[in-house]
Structure formats: structure tokens, C-alpha cells
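Participant: Look at Swiss-Prot and you will find Gln34, Leu35, Arg36, Cys37, Lys38, Asn66, Ser105, Lys134 tagged as 4-amino-2-methyl-5-(diphosphooxymethyl)pyrimidine binding site. For Asp67, Asp86, the entry in Swiss-Prot reads Mg(2+) binding site, with the evidence type sequence analysis.
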Amino acid sequence: MTFPPLKSLLKFYAVVPTADWVGRMVKAGADTVQLRCKTLHGNELKREIARCVAACQGSRTQLFINDHWREAIEAGAYGVHLGQEDMDTADLAAIAAAGLRLGLSTHSVAELDRALFVHPGYIASGAIFQTTTKQMPTAPQGLDKLREYVEQARGTPVVAIGGIDLNNARAVLATGVSSLAAVRAVTEAANPEAVVKAFQALWDG
């Protein structure tokens with residue numbers, strides 16, 4: 001079971017709730033975007049994911065679909081992002097056979113080791129700071145622990161997530177992670193497009 005490698009660095013990674021948001025992130029030039037949709041099901045969900053895929057076509061943006069791996073395969077998405085609990089139920093072999101990239105969430109050393117065992121395209125580590133976006137199973141990891149995770153990942157790209165904004169972004173990036181993911185820093189911003197460009201400038205100058 002082998003997952004395709006990432007086509008390019010993930011860099012700034014926007015996590016958004018709808019296809020409309022995905023389209024905005026693509027137009028703003030985000031390198032990576034994840035659809036984290038918790039409200040739609042069935043055909044509505046399939047249509048939403050198809051809209052996301054269409055929005056990313058012809059762009060450099062890499063699209064990951066959170067959780068809904070069957071629909072992501074059907075729509076021809078770039079990749080799938082799964083949580084630890086999803087690893088028990090998702091058909092990883094089917095995801096790999098369909099040519100989708102895989103990202104996995106981790107919150108501890110044990111989960112990191114488990115994720116690395118299946119050789120994903122990247123692992124996400126968090127929450128780095130306190131966050132209200134979702135209920136987390138562990139306390140905030142902090143920068144020192146994140147730095148240790150980067151070392152233990154042994155070259156697998158690490159995406160930092162959880163409470164990251166433009167005020168702490170440089171400090172997080174200094175730990176050696178290859179990507180910064182943001183949720184509220186984008187979706188609750190007065191000018192989300194400007195926030196994307198400011199994050200992108202951390203890599204692109």
C-alpha cells in the first residue's frame with residue numbers, strides 16, 4: 001500500500017467549511033486547502049465535494065477532503081485527511097489505489113508512530129495552542145513538543161494546527177514544520193484573502 005507523494009510543499013494550509021470558502025482560498029492563492037464539512041450528507045455532500053474539486057482545477061492549490069474518503073475518491077480529489085479514529089474504519093488500500101494523497105491527524109507520540117507506519121503524505125500535529133474550533137482529546141502541545149514531533153517524523157512533512165495565527169506563525173514555523181494550518185484565523189478574519197497572502201509570504205516572501 002503506497003500513497004502518492006505530494007506534488008509540492010503544503011506551506012499555508014487553510015481549513016474551511018464549504019465549497020464557497022474553498023473557491024475563495026484558491027483565488028487568494030492558498031497552497032493547500034481542506035474541506036472540513038460536518039453539516040452535509042448524501043448527495044448534498046457529494047455535490048459540495050465536486051464543487052471543491054472543480055474550484056481547484058487549473059490552480060496550484062492542493063485539495064484535501066476531511067473524513068469523507070469515499071466521496072473524495074468518487075470526485076477525484078487530490079487527497080484525503082483522516083483522524084486517528086477514521087484510520088480504523090477507512091479503506092486505506094482503496095484510497096491509495098485511487099491515487100489520492102493521505103494526511104493523518106496526530107496528538108501524541110503513540111499516534112505519530114501509528115500514523116507513520118502507513119507512510120502518509122503528511123501528518124498533522126496539534127493542537128499546538130488552545131483552540132475553540134473543535135474539542136481536542138489532549139492538552140495543547142506547545143512548541144517544544146512540536147519540535148520533538150518534527151524530529152520523530154523523520155522527514156515526513158508535519159503540518160502544525162490549532163490556535164495558529166499571524167501573531168505566532170513565525171515561532172511555529174521555526175520548529176521545522178513544513179506547513180501551518182489555520183481555521184479561525186481565516187474564517188473569522190475581516191479580510192480572509194489578506195490573511196492568506198500574509199501567511200503565504202512566510203514562504204514566498
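Just so you know, glycine gets a Cβ as well, placed from its N, Cα and C.
Bear in mind that the values here come from a model prediction, so they are computed numbers and not experimental data.
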Participant: Look up Asp86 (Mg(2+) binding site) in the DSSP assignment and report helix, strand or coil.
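Facilitator: For Asp86 (Mg(2+) binding site) - judged by DSSP and reduced to three states - the answer is helix.
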Participant: Note down the number of other Cβ atoms within 10 Å of the Cβ of Gln34 (4-amino-2-methyl-5-(diphosphooxymethyl)pyrimidine binding site), including every protein chain shown.
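Facilitator: Within a 10 Å radius of the Cβ of Gln34 (4-amino-2-methyl-5-(diphosphooxymethyl)pyrimidine binding site) lie 27 other Cβ atoms.
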Participant: So if I draw a 10 Å sphere around the Cβ of Asp67 (Mg(2+) binding site), how many other Cβ atoms end up inside it?
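Facilitator: The Cβ of Asp67 (Mg(2+) binding site) has 19 Cβ neighbours within 10 Å.
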Participant: Taking 10 A as the limit, how many CB atoms besides its own sit near the CB of Lys38 (4-amino-2-methyl-5-(diphosphooxymethyl)pyrimidine binding site)?
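Facilitator: So the Cβ neighbour count for Lys38 (4-amino-2-methyl-5-(diphosphooxymethyl)pyrimidine binding site) comes to 9.
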Participant: Between the binding-site residues Leu35, Arg36, Asn66, Ser105, whose Cβ has more other Cβ atoms within 10 Å than any of the rest?
Facilitator: Leu35
Participant: Within the chain of Asp86 (Mg(2+) binding site), which residues six or more apart in sequence place their C-beta under 8 angstroms from its C-beta?
Facilitator: Asp67, Trp69
Participant: Check Gln34 (4-amino-2-methyl-5-(diphosphooxymethyl)pyrimidine binding site) against DSSP and tell me helix, strand or coil, would you?
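Facilitator: SS state of Gln34 (4-amino-2-methyl-5-(diphosphooxymethyl)pyrimidine binding site) = strand.
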Participant: Might you list, by sequence position, any residue in that chain lying six or more from Cys37 (4-amino-2-methyl-5-(diphosphooxymethyl)pyrimidine binding site) with a Cβ less than 8 Å away from its Cβ?
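Facilitator: In sequence order, the residues whose Cβ lies under 8 Å from that of Cys37 (4-amino-2-methyl-5-(diphosphooxymethyl)pyrimidine binding site) (at least 6 apart) are Pro17, Thr18, Leu45, Glu48, Ile49, Asn66, His68.
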